[in-house]
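Right, one structure below, let's go through it.
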Amino acid sequence: MAWKTEVNEVSDDIIDGLWSDDPPLQLESVTKIRRITSQRDISCVIRSGVVPRLVQLLKNQVFPKLQYEVAWALTNIAVDNPGVVVNNNAVPVLIQLIASPKDYVREQAIWTLSNVAGHSIHYRDFVLNSGVLMPLLRLLYKDTTLRIATWALRNLCRGKPHPAFDQVKPALPALEILLHSHDEDVLKNACMALCHLSEGSEDGIQSVIEAGFVPKLVQILQLPSPVVLVPALLTIGAMTAGNHQQTQCVINSGALPIISNMLTRNHENKIKKCACWVISNITAGTKEQIQSVIDANLIPILVNLAQDTDFYMKKEAVWAISNMALNGSHDQIKYMAEQSCIKQLCDILVYSDERTTILKCLDGLENMLKAGEAEKNSEDVNPYCLLIEDAEGLEKISKLQMNKNDDIYEKAYKILVTNWFEEDDENNNNNVRCDDVDFQV
């Protein structure tokens with residue numbers, strides 16, 4: 001039967017045992033404390049005032065079993081109360097235990113430190129500034145603690161504002177080795193650590209690129225495991241959010257054909273959303289990069305995904321399309337129109353609460369209409385106006401004049417006046433919406 005605490009306070013016998021000079025009695029009392037914290041009765045442990053004594057016992061190098069039980073109790077306390085661990089000066093002692101000769105002590109110490117660092121950027125920076133990184137990195141070459149050490153490294157890299165890049169940059173060589181692991185948990189956490197390192201700045205992205213990670217990350221995209229694919233895509237997406245040269249590095253590594261293949265397979269939508277996000281970052285780039293997306297035959301795939309019943313899947317696909325509409329050449333926009341991209345941009349306009357997405361699509365449609373001026377037929381008709389009308393886009397844009405958001409109204413108004421209606425300066429005021437709608441009162 002599992003041991004359960006039936007008291008709401010730490011007994012005097014337990015406290016007396018902690019302060020005893022008898023190591024077996026100390027161990028017995030610490031084990032009881034650990035069991036109480038495992039039952040989530042952590043507040044009574046904190047109230048009892050035993051944490052300073054636990055930290056003292058943590059220093060007992062001749063009794064690793066005692067150190068292990070203390071570290072376990074502190075691990076549980078650190079989940080919701082990292083300040084208790086920090087304020088009782090446990091972090092420096094835990095960092096020393098990373099070098100313990102006992103695997104189980106090392107692992108439990110890392111777990112506690114990771115819980116502290118993962119709680120907030122304040123505690124993350126405190127643990128980093130306490131000198132945890134180099135001792136931790138040495139453990140990344142030991143199979144016995146590899147999983148938890150990689151998880152701890154991920155926690156040390158996460159959070160916004162990001163840690164100072166120079167402070168975590170020494171982790172790059174170890175992460176390069178970790179990306180060759182066959183352990184899914186190790187790969188997942190290594191990718192997420194790289195993702196966090198790449199999110200902070202273009203300098204961070206450049207360091208990751210120069211360390212040679214991109215080809216390996218692209219190779220990981222071919223693995224079947226969803227556990228690994230999402231972190232790998234997030235990392236590549238963070239890199240494509242950098243400058244054009246950094247985005248080009250991802251393209252040159254052969255990512256697009258693999259992503260194209262990924263989007264046509266029976267992957268869960270979470271993976272496909274991440275893949276579309278990567279594409280949208282690329283289509284926000286140069287015309288040459290947009291052409292790379294076209295050459296990878298991704299436009300028909302995006303059009304298909306934009307019709308998905310999952311709104312967030314639809315949204316990510318449309319975002320990639322709208323970036324292309326904004327940044328593409330006339331020929332590329334013409335190709336998009338031929339692939340029914342205009343309809344997908346129009347269809348998303350009914351989601352009236354999606355301010356950012358609607359504005360993005362309106363910007364894309366506006367730019368396509370500008371490009372359509374060069375494609376006018378003999379009757380001086382913009383062909384993209386006709387395609388928008390066929391997609392019921394004119395009606396949807398008109399209704400957006402009633403949107404409560406002024407930015408959406410103004411953009412819709414501008415598109416309508418420029419492409420469909422002539423503004424009569426004598427009879428219309430710029431503040432009057434050009435599509436009169438009768439409301440039932």
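Just so you know, glycine gets a Cβ as well, placed from its N, Cα and C.
In Swiss-Prot this protein carries:
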type	residues	note
REPEAT	39-79	repeat 'ARM 1'
REPEAT	80-118	repeat 'ARM 2'
REPEAT	121-158	repeat 'ARM 3'
REPEAT	160-199	repeat 'ARM 4'
REPEAT	202-241	repeat 'ARM 5'
REPEAT	244-284	repeat 'ARM 6'
REPEAT	287-326	repeat 'ARM 7'
REPEAT	330-370	repeat 'ARM 8'
If we skip the immediate neighbours and take only residues 6+ beyond the ends of the repeat 'ARM 5' (202-241), which ones have a Cβ under 8 Å from one of its Cβ atoms? 162, 165, 169, 172-173, 175-176, 179-180, 184-185, 187-189, 191-192, 194-195, 247, 249-250, 253-255, 258-259, 262, 267-268, 270-271, 274-275, 277-278, 281-282, 285
State the residues, same chain only, that lie 6 or more residues beyond the ends of the repeat 'ARM 6' (244-284) and have a CB under 8 A from a CB inside it; answer 'none' if no residue qualifies. 202, 205-206, 209, 214-215, 217-218, 221-222, 226, 229-230, 233-234, 236-237, 290, 292-293, 295-298, 301-302, 305, 308, 310, 312-313, 316-317, 319-321, 323-324, 326-328
Using a Cβ cut-off of under 8 Å, list the residues of the same chain at least 6 residues beyond the repeat 'ARM 1' (39-79) that approach it. 4-5, 7-10, 14-15, 18-19, 23, 26-27, 30-31, 33, 85, 88-90, 93-94, 97, 100-102, 104-105, 108-109, 111-112, 115-116, 119
Local confidence of the prediction over the repeat 'ARM 6' (244-284), expressed as mean pLDDT: 96
Secondary structure content, the repeat 'ARM 7' (287-326) (per DSSP, counts of residues): 33 helix, 0 strand, 7 coil
